[in-house]
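What follows is a set of notes on a single structure, which appears directly below.
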Amino acid sequence: MGLLAYIPTNVLATYLTLVLRSIGFTTFQANLLAIPNFVLHILLLFGLTWSTEKCNNRLGLSLLQPLYTVPLLAVLRFWKGTMFNKWGTYAIITLILDNPYIHAICVSLCSRNSQSVKTRTVSTCLYNMFVQAGLIISSNIYAKSDAPLYRKGNGVLFGLALFMFPILIGSKLIYVYINKQRDKRWNAMSEEEKDHYLSTTSDAGSRRLDFRFYH
């Protein structure tokens, strides 16, 4: 999830001022036009993260990210005015950069579903490694041969955004399935069997039968 989720926004954020200058804005204008998306990005980050805690549906609300970005990336890729209509191009890119940012949600899921300190450290590090790998990938999507329209690169971004649907939905279904299976086994036990399990089990952290995954 961390590998692919942020590639479209990372690419556009990296090339924002370059793209704005290439479509007719001055350097000063490009720097000023980059400010609004930072403000909206912060507001949406807090809003989405708060909502997931309130609704207790983290992966469900995380679907807002591809639902939001896929149509905009489709416009960026297939609209004939992309890179020609400067204000239209700027508006689309800014809206994409203001997408619901799910990084905080993913980190919290790694932490909560790890349960033990040892596992939490490993899972969080692995997640961050995948995020960094995504940054490396994003730096190689826009190529000189694809400039100045970046049709091929924008097509890749569109495909990656689409791929987030099965990733998020699949993750949700897996966690729900595991929790249901554990509920069946746990509820089938008598109180004595539960007490015996809790006092004798060698299972730790998220492997425990009485642990339920957050999703």
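Sequential numbering from 1, following the chain as shown.
Including glycine, each Cβ sits where the backbone N, Cα and C put it.
Swiss-Prot has this to say about the protein:
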- 3-23: transmembrane segment (TRANSMEM)
- 30-50: transmembrane segment (TRANSMEM)
- 59-79: transmembrane segment (TRANSMEM)
- 87-107: transmembrane segment (TRANSMEM)
- 122-142: transmembrane segment (TRANSMEM)
- 156-176: transmembrane segment (TRANSMEM)
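Below 8 A, the CB atoms of the transmembrane segment (59-79) and the transmembrane segment (122-142) form no more than two pairs separated by six or more positions in the chain, fewer than 3 in all. Same-chain neighbours of the transmembrane segment (156-176): 1, 4-5, 7-8, 11-12, 59-60, 62-63, 65-66, 69-70, 73-74, 76-77, 113, 141, 213-215, counting only residues six or more beyond its ends whose CB sits under 8 Å from a CB of the stretch.
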